[in-house]
Amino acid sequence: MTRDNEANGFLDELGAKVKIARARRGMSRKLVSEISGVSPRYIAQLENGKGNISVVLLRQISQAISVPLETLFSDIEPMTGEIAQIVKKLQTASPLEVARVQTILGVNSEEYDKAERYVLIGLRGAGKSTLGRMAARELNYPFVELNAEIERQSGMAVDEIFALYGQEGYRKLEKAALDRIACNYNQVVLAAAGGVVSEPETYDLLMSKFVAIWLRASPDEHMNRVLAQGDKRPMADNPEAMEELKEILTSREALYARAPMTVDTSDRSIEESRNDLIAAIRCNRCAVLDSIEEGGARVRDACAGGRSAAS
Ligand SMILES: Nc1ncnc2c1ncn2[C@@H]1O[C@H](COP(=O)(O)OP(=O)(O)O)[C@@H](O)[C@H]1O
Ligand SMILES: O=C(O)C1=C[C@@H](OP(=O)(O)O)[C@@H](O)[C@H](O)C1
Ligand SMILES: [Mg+2]
């Protein structure tokens, strides 16, 4: 095909798209001309593949017929008013709203797929292991400890992995373990390790395959809970331990805050936090799984005032 032929073919297609879109909107050339300020004669030329229209004039026409300019150049059918409006809305919709539309249209949705895979994140002593196990039992989901999975797969204890392969080696195994758990479980409550947020690729993977819940607590509570567990390491010969813990919490706060859900365990008993976590999971599950019906929105609204928050 020569360059001229190619150009003519392109103009023919462009003209046909404009013509179809205008017809679908039930607009005459005269009306489009009045709204766009482009003469009817020029619009006719364009529609017949004759006029090599300027970008600015084409934009005026696309606005007049409510068709996004870019769809006039793509292989997909030009979007008419209603579809264009829906697409525009979708571009600023929340993940839940997108999931709802995907469900209605029968398109696979990441949000829907992961609605029953929960991962608990937060600093040491947040309650990932304790509350995770309790919530999983109540919800009848399997409970998985990420570190246990890493140890099982590698045949080594976490301490050994750190000693032999360092932080980097551990992070690689951590990412692989996350991937495996996502593949193997449709339903799960997973307790991650505190530092899972530090490797961007791993954290992105976590976010895409699981619903993350940040278990929050104050620095004092983190420290006191870890000490109460009999772990003296944080304080051993280190008067700056508390300052360090605060620093880690501050530096990770923005990362943990990426989690779509938060359960604040500050000033709560274990029993209360357990119930908060279970309620948060139930709430999210209903909202996503019932997303086709209005029920999803109702459940979400009902949850909004609680101690746990889906942001
Ligand atoms: N409201 C609460 N929520 C969670 N854990 C609590 C709470 N209050 C006290 N704890 C205690 O804090 C500790 C949390 O430790 P753990 O579950 O091992 O945390 P992580 O796995 O996040 O490091 C447990 O010993 C638990 O009994
Ligand atoms: O991410 C990390 O670097 C680690 C955090 C700790 O997790 P917890 O927060 O569960 O104690 C522990 O598993 C291990 O030392 C590795
Ligand atoms: Mg733990």
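Glycine is no exception: its Cβ is also placed from the backbone N, Cα and C atoms.
Under the heading ATP binding site, TrEMBL lists GLY125, ALA126, GLY127, LYS128, SER129, THR130, ARG233, ARG268. Around THR130 (ATP binding site), a 10 Å sphere centred on its CB holds 19 further CB atoms from the protein chains shown.
For SER129 (ATP binding site), other Cβ atoms within 10 Å of its Cβ number 17. The Mg(2+) binding site annotation in TrEMBL covers SER129.
Remark: ARG252 (substrate binding site) has LEU123, VAL197, SER198 as non-local neighbours, by Cβ distance under 8 Å and separation of at least 6 in sequence. Reduced to three states, the DSSP call for ARG252 (substrate binding site) is helix. If you look up TrEMBL, you'll see ARG171, GLY194, ARG252 marked as substrate binding site.
What TrEMBL lists as domain 'HTH cro/C1-type' is 18-72.
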Proximal but sequence-remote residues of the same chain as GLY127 (ATP binding site) (Cβ under 8 Å, at least 6 apart): LEU120, LEU215, ALA217, ARG225, THR265, ILE270, SER273
Coarse DSSP state, helix versus strand versus coil, of THR130 (ATP binding site): helix
Neighbourhood of ligand 1 - binding-site residues from GLY125, ALA126, GLY127, SER129, THR130, ARG252 with Cβ under 6 Å: GLY125, ALA126, GLY127, SER129, THR130
Neighbourhood of ligand 2 - binding-site residues from SER129, GLY194, ARG268 with Cβ under 6 Å: GLY194
Number of Cβ atoms other than its own within 10 Å, given for ALA126 (ATP binding site): 25
